[in-house]
Amino acid sequence: MRLLLTNDDGIMAEGIQVLAKHFEKDNEVIIAAPDVQRSGSGHCITTVPGELIIQEVKLEGINSKAYSITGTPADCARLGVRKLGNNQIDMVISGINNGFNLGIDSLYSGTVSAAIEAAICETPSIAVSLDTKGGNYDYNIAAEYALEVFSIYKDKYKNKDENVVLSLNVPCLPREKIKGLKVCRVGFKYHLQEIYDKGEKTEELSYNYTDIYYVKRGYAALSPLHYDLTNYKILGDINNLFTEK
């Protein structure tokens, strides 16, 4: 397959380079990433003409073509798909992010936003994030999980009408201690560290069986996302409210 790799940590980040080494073995890979660290940039895009500069760079130990872009992660995803990939990218993989993107933090994440931008460009995508706060982390473990998700997803998901974004979060544990992969919804709790610090029982919080819930228990978490922001639950009520005579 023809893949685009991007991130928000920048073209020189370890995560994207480890990801490239794993994926370029059996796929055609193009790398397009910000020239500098862009974490927390959300879905920001560049609107001023001429401010985006694309420069080809050589990454040590990587055979794939790589491009440094003076823009945001969302810029990189769009330029990668539309311009560098000539609208012939089969899938975009964003990451590996230095740190989790769990719960509401996904809204602030440049890594997740790049994946969503790919879906807006009608290209399925996977955002990959790794817990690095434990200190003894290994990007190779996250890359292996990403490759596993990619392999299953590309072969078995046939609904081409759905521009799906998958968000994968991998805990900071040795490979043999990760309990497995859980497909789950995204939680709403703000910042995982708050939960750790408070020491509250998870059964008492609203994130049961969410991405936060599972990674705290040693699982990798996989959540399907979409960019339709409509609140369908109250859409009819609001319509009735404003059409009453």
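Cβ from N, Cα, C; glycine included.
The divalent metal cation binding site annotation in Swiss-Prot covers Asp8, Asp9, Ser39, Asn97, and the record cites sequence analysis as its basis. Every protein chain considered, the tally of other Cβ atoms within 10 Å of the Cβ of Ser39 (divalent metal cation binding site) stands at 18.
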Cβ neighbours of Asn97 (divalent metal cation binding site) where a neighbour is any other Cβ within 10 Å: 30
Entry from the binding-site residues list Asp8, Asp9 having the most other CB atoms no farther than 10 A: Asp8
Cβ-centroid neighbourhood (8 Å) of the divalent metal cation site, Asp8, Asp9, Ser39, Asn97 excluded: Asn7, Gly10, Ala13, Gly15, Gln37, Arg38, Gly40, Pro73, Gly95, Asn98, Gly99, Ser109, Gly110, Thr111
